[in-house]
Amino acid sequence: MRLLIVLGLLWSLVATLLGSKWPEPVFGRLVSLGFPEKYGNHQDRSWTLTAPPGFRLRLYFTHFNLELSYRCEYDFVKLTSGTKVLATLCGQESTDTERAPGNDTFYSLGPSLKVTFHSDYSNEKPFTGFEAFYAAEDVDECRTSLGDSVPCDHYCHNYLGGYYCSCRVGYILHQNKHTCSALCSGQVFTGRSGFLSSPEYPQPYPKLSSCAYNIRLEEGFSITLDFVESFDVEMHPEAQCPYDSLKIQTDKREYGPFCGKTLPPRIETDSNKVTITFTTDESGNHTGWKIHYTSTAQPCPDPTAPPNGHISPVQATYVLKDSFSVFCKTGFELLQGSVPLKSFTAVCQKDGSWDRPIPECSIIDCGPPDDLPNGHVDYITGPEVTTYKAVIQYSCEETFYTMSSNGKYVCEADGFWTSSKGEKSLPVCKPVCGLSTHTSGGRIIGGQPAKPGDFPWQVLLLGETTAAGALIHDDWVLTAAHAVYGKTEAMSSLDIRMGILKRLSLIYTQAWPEAVFIHEGYTHGAGFDNDIALIKLKNKVTINRNIMPICLPRKEAASLMKTDFVGTVAGWGLTQKGFLARNLMFVDIPIVDHQKCATAYTKQPYPGAKVTVNMLCAGLDRGGKDSCRGDSGGALVFLDNETQRWFVGGIVSWGSINCGGSEQYGVYTKVTNYIPWIENIINNF
């Protein structure tokens, strides 16, 4: 179906080009009278052959035998096309003065051909005459011989019975259907300088064209025109540019017309708008012209770079719309008055002045460094020097806080105090953990009171009951889950006190809970497995000799909590007299074999509780040393011999009703089993 449509379109195109129908075939045979017998005397016969427009006639002879005479004066066949005689033929073979057709083929110069046969009054021999055949054939108008005129300027397309012309891109076919006129109007040039030329320069410019070139610069510029290389525009010796001409128009005057072969002089237009028109006629073969245009304007004063800065680009002169930017050296910033600038560019105006004053390059000032919580800052470069490359030193309060980095900061080019690792934030003073003045010895049940600085991590929890906890950071407290059960929603009833030895002392550091986290595996009233909790404080507490966190156990801590290894526990719990201790008491107690402890509680079960892998036991087989009610949540601590710091290994959880009884060991939550849980809560709060 698509093929039929295409064939139909092609047929429509050809029919349009040739007319409403194909031309009738034109062909035939011509012979002399009596052929192939001899022809008679006094014979005159003419044939006028006609072909359709766009065709020509082709004729050749298959037999030719005429009387030979000087210049074919007696008998002859004459071929005529229009007014031109193509050939006069006689004889059988050509001589110096006579021509016989032989194997030649003859073509008409147009669509018609006249054939004339003539014989005189006598023939000495019998001559048999001629036989010729003719036919019409399409003329390829696009094929031209050397020296013939070309029918089309650019492209020639032949078809049966005719031809048509087309043009290259940038040209349009003139209404004469042969000439390609240039599309060269409406061109606009806005650059300060440039070149423009006639179409195809330096080749001959097109005929029948009208070109317009517009140079449009901003007000304040003056355009100058220089004709360069060569100039060749058709002229007339007696008239001023009647054929092809070049004219130049400004808002003030007109220049030209120009033609001929002499370069026109420089034209200083004193205008920012110039229109150049170029018109050509239908004849001639000239190469055209080329113009280099430039522009000038009132210059601005040469800019001067500020100290510690430079200007770019650097030019010999700066005129209208020229610009420059100011850049400061590293460590300096652009300042216009007191206003800092991200960048600066000035533009030359038409009156010869810059649109903005040049700024200064002021040294970067990082400003006073922020105060460091639990630390201080020292100026290294000089007293209160805070400008580019100045150095400061942050330090933590000695003994109680430590810093992981070296604390040295430099004022950098971006205006920020920056550490050697590229950090912009303040260093952190982390509390020192596990420092104590405690030495082994003493008891809770029959033990000794603690001295100031022995257990600075000890926390007193007051509410409906008395309990304890251990400070593990300056805003986190570790305790037993059962000690704070029910406090997750009623946190206001939880009174947290630190830095005291006497339970009823009026001098203490007060803290309030922000959040309470009880281990998700703890079930109140169903034993003490996972008896661990964290309290997030609303505010950080200040670390000092009497308030300091206990360390969390290292991975190697298990080797320090083996059976018979001694730990220490402190608290205000019940003493042997059955009353809560007024002073903070402590005792050193050994670790008990886990299986031995579990077996002991199987014999003397604590109601609803059993010893699990999440617990450890401590105490003496004979009794006498133990924690008791009121000590819940307190820390069972051990000394790390390698670091010489104390760490929390257990949390006071549960035990026999008879504290310190024979084979009635204290049971503690095993902290090493909960390090990931503790770190996850703290890191994600």
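Here the Cβ of each residue, glycine as well, is placed from N, Cα and C on the backbone.
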Checklist entry - Out of Asn65, Asn158, Asn214, which residue gets the (3R)-3-hydroxyasparagine annotation in Swiss-Prot? => result Asn158
Checklist entry - In Swiss-Prot, Cys300 is listed as disulfide-bonded to which of the following: Cys241, Cys259, Cys348? => result Cys348
Checklist entry - Cys361 forms a disulfide with which residue in Swiss-Prot, given the options Cys328, Cys366? => result Cys328
Item to check | Candidates Cys241, Cys396, Cys411 (disulfide-bonded residues) - the one closest to Cys328 (disulfide bond) by CA | outcome: Cys411
Next on the checklist: Give me the DSSP three-state residue breakdown of the domain 'Sushi 2' (364-431), ordered helix, strand, coil.
Outcome noted: 0 helix, 24 strand, 44 coil
Item to check | Env. residues of Ca(2+) 2 site, Cβ within 8 Å of mean position of Asp138, Val139, Tyr159, Gly162 Cβ | outcome: Gly54, Phe55, Asp140, Glu141, Asn158, Leu160, Gly161, Tyr163
Next on the checklist: Between the Cα atoms of Cys165 (disulfide bond) and His482 (active site, charge relay system), what distance do you get, rounded to the nearest Å?
Outcome noted: 104
Next on the checklist: Could you check which of the recorded positions Val139, Cys259, Ser632 is the closest Cα neighbour of Asn158 ((3R)-3-hydroxyasparagine)?
Outcome noted: Val139
Checklist outcome for this item: disulfide-bonded residues Cys184, Cys348, Cys411 vs Gly162 (Ca(2+) 2 binding site), shortest C-alpha separation belongs to Cys184
Checklist entry - Counting only residues 6+ apart in the same chain, whose Cβ is under 8 Å from the Cβ of Ser632 (active site, charge relay system)? => result Ala467, Ala468, Thr479, Ala480, His482, Ala483, Gly573, Val652, Ser653
Item to check | Secondary structure at Asp138 (Ca(2+) 2 binding site), reduced by DSSP to three states | outcome: strand
